[in-house]
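Student: This structure is in structure tokens; I'll ask about it shortly.
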Amino acid sequence: IASSHKSSKCARVWIPDAEEVWKSAELTKDYKNGDASLLLMLEDGTNIEHKLDPKTKNLPYLRNPDILVGENDLTALSYLHEPAVLHNLKVRFIDSKLIYTYCGIVLVAINPYETLPIYGTDIINAYSGQNMGDMDPHIFAVAEEAYKQMARDERNQSIIVSGESGAGKTVSAKYAMRYFATVSGSASEANVEEKVLASNPIMEAIGNAKTTRNDNSSRFGKYIEIGFDNRYRIIGANMRTYLLEKSRVVFQADEERNYHIFYQLCASSHLPEFKTLKLSSANDFLYTRQGRSPVIDGVDDTKELCTTRNAFTLLGINESYQMGLFQVLAAILHLGNVEIKDRDSDSSLIPPNNRHLTAFCDLVGVTYQDMAQWLCHRKLKTATETYIKPLPRLQATNARDALSKHIYAKLFNWIVEHVNKALITNVKQHSFIGVLDIYGFETFEINSFEQFCINYANEKLQQQFNMHVFKLEQEEYMKEQIPWTLIDFYDNQPCINLIEAKMGILDLLDEECKMPKGTDDSWAQKLYNTHLKTCSLFEKPRMSNRAFIIQHFADKVEYQCEGFLEKNKDTVNEEQINVLKASKFDLLVELFQDEEKATSPTGQVPGTGGRTRLSIKPDKGRDKSSKEHKKTVGCQFRNSLQMLMETLNATTPHYVRCIKPNDFKLAFSFDPKRAVQQLRACGVLETIRISAAGFPSRWTYQEFFSRYRVLMKQKDVLPDKKLTCKNVLEKLVQDQDKYQFGKTKIFFRAGQVAYLEKLRADKLRAACIRIQKTIRCWLARKKYLRKRSAAITIQRFTRGYQARCLAKFMRRTQAATIIQKYQRMYVERKRYRQKQAAALAMQTILRAYMARQKYQALLREHKAVIIQKHIRGWLARCWYKRCLYSIVYLQCCIRRMRARRELKKLKIEARSVEHFKKLNKGMENKIMQLQRKIDEQNKENRSISERLIGLENSYSTESERMRSELSRLRGVEEDAKNKSNQVVSLQDELERLRKELSATQQEKKTIEDWAQTYRDEMEKMVSELKDQNGMLKTEKDDLNRLIQEQSQQMTEKMARAIAEETQQLETDLNEERSRYQNLLTEHLRLEEKYDDLKEEMALSSNVSKPGHRRTDSTHSSNESEYTYNSEYAELEEGSRAAEDVTRGIDTSLTLKLQKRLTELEQEKQSLRNELENKEEQFQRARARDDAEFKKARGAELEYESLKRQELESENKKLKHDLAEMRQSLLGDAATGAGAPGSPAYKVLLDQLNASCEELEVRKEEVLILRSQLVSQKEAMHHKETMTEPSVFVEDVSKLKDADELKQAYIGLKDTNRSPRFMRKPLEVNDLLSRLRSAAPDFHKLNEDGELWLVNQGLKETIRLLEHQLQTQRRSYDNEVEALRGELQNVKEENNRQQQLLAQNLQLPPEARIEASLQHEITRLTNENLELMAEDPTASREARVIILRRMVDLMEQLEKQDRTIRKLKKQLKVYSKRIGEMGAGQTEGQTSPGQMVDEPIHPVNIPRREKDFQGMLEYKKEDELKLVKNLILELKPRGVAVNLIPGLPAYILFMCLRHADYVNDDQKVRTLLTSTINSIKKILKKRGDDFETVSFWLANTCRFLHCLKQYSGDEAFMKHNTSRQNEHSLSNFDLAEYRQVISDLAIQIYQQLIKCMENILQPMIVSGMLEHETIQGVSGVKPTGLRKRTSSIADEGTYTLDSILRQLSAFHSTMCQHGTDPELIKQVVKQQFYIIGAVTLNNLLLRKDMCSWSKGMQIRYNVSQLEEWLRDKGLMTCGAKETLEPLIQAAQLLQVKKKTDEDAEAICSMCQALTTAQIVKVLNLYTPVNEFEERVSVAFIRTIQTRLRDRCESPQLLMDTKMIYPVTFPFNPSSLALETIQIPSSLNLGFLTRV
């Protein structure tokens, strides 16, 4: 298939090119077998003919589809070969600005030569915990994979970083170590991770230098082992070094530098501490000026030295050692400047008093003569004698340089050893991760011994790399159960044998070094003789006899033999070493101590251990007599390399291959030649070749099904997706060898994915063509229909115009006819109306006369009837009263007689027990009969009252109608009189007017003529004035418009300025609040550290003194004093704690913590002051609003008083009307019934009289009750307020002596001082006692006007008492009103209780309690419904009250059951006693009827809650039990479900109220301290449980609100009831404790956010990005070895529904706990910020997620989140705005990205995204289908140009750790404290309600 694809026309291929290495071309003609060439067209349109190799006939490499270009993993490419790899890297590096790419298990890193913002802490946090394939390639992903495998597999890891100089190895290794240090942290307080990072600047200073290829090139190899404990936290590190380039100390090529440390010292020579070093500019020293490039652009060597010195200090190398190191380094520079001159041809000398040699000797502490002697001489020993030989100048110079190199190497090893000592800790190492930063393959024009060793090391590493890759491939095939076929790969073992085997190059080199007269030439001849004919990898150059060529795995390298022996020996004059060992400089002597004393930090290799062994130098510690057995450099390097390979083989390796893109250090410039050369050398292409030899492309069955579903027919889709994929693939690909089916994946040969992509694209292209055909047909038809519609429209308008013309003519004709008709009608109507008016005038006069006659007759008749009615009524009433009085008197006499007889009988019968029993039996029946009678009478009363109301209404209606009719008739009569008088005068006037009319007509003609003339003139003048007026109006309108525009602009400007200022103030306030809360977090963290250190100190003291231990109570007391006492006490306690801590821990660390804690306290105090100032400003504004509200309230009260007066007057009027109605009813009854004593009216009047009497009785009761209340209140007020001031004034008037006045003043001053706990009210007795006390001198007291102060104090006291009096009066008025309402409610409740009692009496005893309970439930339900209907916001409070009442009813039910059982027992006892008692003993006892009702009576006994003051009393010894049961052992779930929200807070506050009530400040302090500490303890213990944290956040806030609500401050008492105001704290001001509790609430809130973040974090990426909420929208692209997380939802993966369910769970939990709604809004806002930030950060770090379809998925997911907000009513909480960056990023993925207009639209749309984020998204944009297009580089540059002026942060990722500053708005509770019941489940029985 692949071959046919290659030969087809339009196929794209790669052809070799001399400049670009590979060029892309396209076939213009089909290839046929046998053709010798291919016809191709290049991308620039050039047609060429490509000749094929006549021997191999190999066709060019095929290009991958465009959709696969730019993949994260090179193994995801369908065609795996060199040009595809090179092109993919180039596209990612140049177009997408991505420097990292995976190649299987290798991370390829290309040096950008530019600082990129991709290594910050936010990026580290984004990669932490992620799978390697889930994120874009990064060095952090490799580090995270190593860290994760170490923890998961319990196996040590290695990260191998390789590459040539300048490729970025050191930087990559540095970032890997930074990642470990950031993610893992340290296991101790010694900040090991900081020390590990601090070793980098030290090693760079002494081991890095500038080369022609790199400004910071590492000139040594190092392997750093980072140790971890069993919790995988950093505990230490260990460093090994390899092959330091010592020759650089004495020689540098052009454009290169020596090691950085020398230039740093020279640049800092002006510092005072460096004056003794006698340094100057770097150009003054030979060892630093040879490269002629002493300065690196952009590097400040002075600052770098400061960094190096700080790193030394952090690692424990003190200042004296540092100065010693700098002395040695300066001595090396001076030694290089020592000039050696020729004495003769065989000897040399140093001139006396050489300045630099003198400086060298002074610095290292040796004598000038010895050093000058042995620099120019050497000692030779023979078997018999020893003699001194002078050295020629050249040999002496070489010996000087050798000594310099040797000293520097010793110094280097000493520094490495001490760095390792600083990094090693005593904690046991559980595992480690090694980071190998080693040189890559090197080849130069002249290659010497260093390049040979480097390439030898790379051969060994390449072999290990090949074996590891081969092993992984084999494991993958066996895991998937695919037939394993051996893959041929390059094995470089022959090359390694050539170097290290017996008689190999290193062996022959060591042998030649042992020869006395061995030379480089003789060694070369041995190499030629040994390997030239036996090894194909060894060659001899044609033109040289002193060089050899080795065929390495990367390339052929020619090595020059000159210098090999000398470098391998690494000799130095022993006498010079002896001189240095005799130095007075201790550090120098330490450098040259016996090396055998050092031990290996890993303990693996004895002998040449320590760091000195790893620097590959001869072992100077051995005995001088065994020099011949000294190891050479090559031997040591081979041994250390072998040790390194053993370490790497024992770990899991991870590979980072660094590539240098160009040799000119140009940013984002890619040289294909150099890149290919390094790719071949670093093994990347070998990895590609091994992968391509097998099945490089691997798909899971689900991914294959999702991607190629379009190639399947409906009948091919089976429920089993694995079987479906097999069937489809067998149809698509005929060759079975091209793929294999594994257990979970399908394996494809190279090129098969491209073939399948071609089939898929063809299918989609055909579908697109069909869609286009249909759409174009639809567009053409639509265009035709539009034209047809236009033609019809034109015709319609033409015909309409013609019709309108005809209609206009007809309309004008009709209008003329209508005008004529109306003119004629007007004349006739005018004539008719004149006649009608005359007739109506005559009729009016006649009818008025007749009406007056009728009215007078009716009036006389009505008055006669009224007189008769009153006389007859009076007579009837007199007769009725006489009869009624006689009858009643007679009845009373008869009833009295009968009653006396009956009483005698009853007394007789009562003496008999039998009668008592009968009476007892029939009593219940009598009660029921009486109840029925009462019910019937109530019904009759209601019916009669209804009838009465109906009669009253009908009477009032009729009377009103009659009054209106009467008034109308009176008006008609008056009008008639007036009109009759006017008729005569009108007739006279009419005659006069007729005469005047004739005269006027004549004048009219004259005036009309004059008027016509005048009118013409006026019209002309008016037209002129109109024109002028129009002009003036136009000018006026222009001016008005201009003024309005200016005023509008000014208004908008002012409003904008005010808005900006307000917004700025709010921003500043939020920033200050955020800073304060961050500092609070830091303060709490330091407090926790302090507690931990104190515990360690206590443990250590317990070990030393077993009998001394601090109890918990002492600890809590100390902590409370430390936390909440005065500032002086805090400092004193901190100093004492610091003194205790220093006994067991490091003193410096303790001092740092103390200093930091003091600074944080000061900054916290300053921030708190600023926050208080801000809040005071808001309080002032609020006070102004309150004043306005009070004014409005006063006006409203006046209005209500006036309204009450009006209602009283209306009430009086209604009473008067009622009396008249009675009279009228009597009159109507008399006229209607005829008899004055009619029964119906009699009953009605009786009922009315009874109602009036009852009303009067009730009114009297109210008045009596009111008078009693007033008298009680006045007595109480008089006692509390009026008596004491009067006594006070009298006592003050008695103070005649000066001493007494002075003592009074002192007493007032004492009262003004406010201690920690301020007492609010001023005790009068105390004040009097102070005023009566004596003082020595009156005149001295009044010197400063202190008597005036006393007077002012007294005035203030009087004003305070008056204010209290007014307040109590107002409260009295309110209570009176409340009592009136309660009285009415009591009446209604009494009626309902009577009905309920009647109903219950009819039920059996078992059902009575249930019926009463059901009635109470019904009542509560009705009240709840009424509350919800009236005020929905109060429904929540009503639910709380209902819940409380239900609990009360259940408890009452239990009590009633117990009472009933008890009373039944008593009843039985009483019944027995009654049976035994005699008749005489029962007379004085209670009647039997009451005895029967007694068991029911307790049901109605109310609890005495009115006496409960809302306080809980406890004993001091029960405080720990209270805290334990209520906080430490409380289960939030049971409390939240079964009890009222915030119950623990209410209980704690009620206990606090009692402590305040009894004025016990110690009890208040200990209770608050214990509460705060216990909450902190439970949060520390269960801080990861969201339910616990949410529960205590809600209760802490409720406790804070209670402290505010009952504090007594007017600002917090506005919404309180009068009863709640009475419960305010009376003795202590707890404002400072409120601040402490607010800080605690902030801490709990931040802990809550962390809990939510930990729960949501694993869900966000999977649910928001990876899961396909809309199935089938996004297709799965091919993936490489690093498999990303599948977007198909498995059982274990999270979806968007998971996130929504979790959010709902959070919301419901907080609502159950009673969290404040405003606080819930802030929590939800923080949740949505975390979701948006994490999603956006992952989107910015994942190239596979940046596509059009993914943008649509994100927008859909965001819409679901908004819908959730809408359902919960949280749209106004600001959560939606936090998702704005994510929404804009999703829109950016979906908009067009081609033209300048698109760029402008993107810039205006993406306001919430930074420029870096916009550019990153555009760079990462990846088409999922080939129909989409990539974003061009030019478009991205256009975007950057347009966004250049934006002022924003350059940070790429959003800060996921950012927490919005939280506020706790005051939310008072309507729950009354006296109604709270404590359930028994809380085990708080020791609390007593007060």
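Including glycine, each Cβ sits where the backbone N, Cα and C put it.
Just lifted these from TrEMBL, have a look:
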BINDING   G163, E164, S165, G166, A167, G168, K169, T170  ATP binding site
COILED    1351-1473  coiled coil
COMPBIAS  616-626  compositional bias 'Basic and acidic residues'
DOMAIN    8-60  domain 'Myosin N-terminal SH3-like'
DOMAIN    69-761  domain 'Myosin motor'
DOMAIN    1569-1845  domain 'Dilute'
REGION    597-631  region 'Disordered'
REGION    641-663  region 'Actin-binding'
REGION    1099-1124  region 'Disordered'
REGION    1168-1187  region 'Disordered'
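If you look at the structure here, what lies around each of the features I listed?
Tutor: Counting every protein chain shown, 27 other Cβ atoms lie within 10 Å of the Cβ of K169 (ATP binding site).
For the coiled coil (1351-1473), the model gives a mean pLDDT of 65.
Below 8 angstroms of C-beta separation, residues 89, 93, 103, 105-113, 139, 142, 145-146, 149, 153, 155-169, 172, 176, 213, 223, 240, 242, 434, 436, 440, 456-457, 460, 464-465, 468, 604-605, 669-671, 674-675, 678-679, 682-684 of the same chain, each at least six residues beyond the ends of the region 'Actin-binding' (641-663), sit close to that stretch.
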Student: What other residues of this chain sit with their CB within 8 A of the center of the CB atoms of G163, E164, S165, G166, A167, G168, K169, T170, the recorded ATP site?
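Tutor: What remains near the Cβ centre is N111, R213, N214, S217, S218, G440, C658, K660.
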Student: Counting each residue once, how many in the domain 'Myosin N-terminal SH3-like' (8-60) are helix, strand and coil under DSSP?
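Tutor: So the domain 'Myosin N-terminal SH3-like' (8-60) is made up of 0 helix, 24 strand, 29 coil.
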Student: Looking only at G163, G166, G168, which of these binding-site residues has the biggest number of Cβ atoms within 10 Å around its Cβ?
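Tutor: Of G163, G166, G168, the one with the most crowded Cβ is G163.
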Student: Taking every protein chain in this structure into account, which of the binding-site residues S165, T170 has the most other Cβ atoms within 10 Å of its Cβ?
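Tutor: The largest 10 Å Cβ neighbour count belongs to T170.
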Student: Show which residues of the chain containing E164 (ATP binding site), separated from it by at least 6 in sequence, have their CB under 8 Å from its CB.
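Tutor: Those within reach of E164 (ATP binding site), by Cβ under 8 Å and sequence separation of 6 or more, are R213, Y439, G440, F441, E442, C658, K660, Q678, A681.
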Student: Under 8 Å Cβ-Cβ from A167 (ATP binding site), six or more apart in the same chain: what's there?
Tutor: A109, N111, N214, G440, C658, I659, K660, Q678
Student: Can you count helix, strand and coil residues in the region 'Actin-binding' (641-663) using DSSP?
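Tutor: Result for the region 'Actin-binding' (641-663), in helix, strand, coil order: 9 helix, 8 strand, 6 coil.
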